[in-house]
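> Just passing along the structure, written as structure tokens.
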Amino acid sequence: MNPYILAALLFGMGLGTTVTFASSHWLLAWMGLEMNTLAIIPLMAQHHHPRAVEATTKYFLTQATAAAMILFASTTNAWLTGQWDIQQMSHPLPITLVTLALALKIGLAPVHSWLPEVLQGLDLVTGLILSTWQKLAPFALLLQLQPANSTILIALGLASTLVGGWGGLNQTQLRKILAYSSIAHLGWMILVLQFSPSLTLLTLLTYFVMTLSAFLVFKLNKSTSINVLATSWAKAPALTALAPLILLSLGGLPPLTGFMPKWLILQELAKQDLAPAATLAAMSALLSLYFYLRLTYAMTLTMSPNSLTGTTPWRLQHSQFSLPLAFTTTTTLLLLPLAPAVVALLTL
């Protein structure tokens, strides 16, 4: 892609997110979301592959549906209460509609089925943008809505953690596994959104860092399925040793960074007398952990049939820029000792 066009599209995505962040009026927030969607569509379709075009079409249709629902909900709210302000939503009907529309935007269960299909049709870099940056603007709106719709948020959160764990069990494609991982992590964030918005933001940040590490590892190895992971030791032995730790951090295993948000969320749910929800979320984390362990097993304990020429690529100097990967990997693995400081900040 032409670098000027790429810069314009990335600027459009940044501008769309910023407009939504800065808006207090529903029409302005909707405009920001639309700018976001329209800027990423050319990036998704840039390879002109049938799968990429299909994924782009599916993404466009779901985002357009969600945007229409947001417009309908905000218009209904203005009709019922005379208010266009985001924080002035008081009627249950528009609140429920807009919550479901934003859930469709980010891919929460039970309106999640587009996300694995779309991610599977994209290359890893565009998939990374879709899994991270595109979640920011809808989350900013959900945070502003959050005190009003407690039951629906807990239902969406629990459904997402269960579907995210269950759906990834039988997958062999890495991008679909990462999509289900995304759904499960979003479920954890939504569960605690109304009780501790700062904890939701912490979880979102750690999810971004861990997902960035996972996508960069797969990109460096050029891996798109579990079978290809078995050959990664020949391409980058040191990275193959670290990659299982990144995956286990995504699964929330102590003593890695991914354990911190899950631990704090379970603690917060227990404080709010939601022990059954906390138990269900913790059990669903075990489902997610199983498919991360599958990937770990494929990377470290299985060997693909290799000829002598297949074992030499690591000796060649590769040209990929690995500083971001080094930074995100360190952050993904080593931040748990900062948990007391984080708790102190959250209680300020």
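Keep in mind that glycine also has a Cβ here, set from the backbone N, Cα and C atoms.
Take a look at what TrEMBL says about it:
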type: DOMAIN; residues: 23-286; note: domain 'NADH:quinone oxidoreductase/Mrp antiporter transmembrane'
type: TRANSMEM; residues: 60-80; note: transmembrane segment
type: TRANSMEM; residues: 92-115; note: transmembrane segment
type: TRANSMEM; residues: 151-170; note: transmembrane segment
type: TRANSMEM; residues: 177-195; note: transmembrane segment
type: TRANSMEM; residues: 201-221; note: transmembrane segment
type: TRANSMEM; residues: 233-254; note: transmembrane segment
type: TRANSMEM; residues: 274-293; note: transmembrane segment
type: DOMAIN; residues: 289-342; note: domain 'NADH dehydrogenase subunit 2 C-terminal'
type: TRANSMEM; residues: 325-346; note: transmembrane segment
> If you average the pLDDT over the domain 'NADH dehydrogenase subunit 2 C-terminal' (289-342), what number do you get?
76
> Could you pull out which residues elsewhere in the chain have a CB under 8 Å from any CB of the transmembrane segment (274-293), counting only those six or more residues past its ends?
154, 157-158, 161-162, 164-166, 168-169, 171, 177, 180-181, 184, 187-188, 191, 247-248, 250-253, 262, 265-266
> For the transmembrane segment (177-195) against the transmembrane segment (60-80), do we get 3 or more Cβ-Cβ pairs below 8 Å once near-sequence pairs (under 6 apart) are dropped?
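Answer no, regions not in contact.
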> Per the 3+ Cβ pairs under 8 Å rule, pairs at least 6 apart in sequence, do the transmembrane segment (151-170) and the transmembrane segment (92-115) touch?
yes
> Does the transmembrane segment (325-346) reach the transmembrane segment (201-221) with at least 3 CB pairs under 8 A, where each pair is 6 or more residues apart?
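Since 3 or more Cβ pairs under 8 Å link them, the transmembrane segment (325-346) and the transmembrane segment (201-221) do come into contact.
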> Are there residues at least 6 beyond the ends of the transmembrane segment (92-115) whose Cβ is under 8 Å from a Cβ of it, and what are they?
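Those are 33, 58-59, 62-63, 65-67, 69-70, 72-74, 76-77, 80, 134-135, 138-139, 141-142, 145, 148-149, 152-153, 156-157, 159-160, 162-164, 179, 182-183, 186-187, 190, in sequence order.
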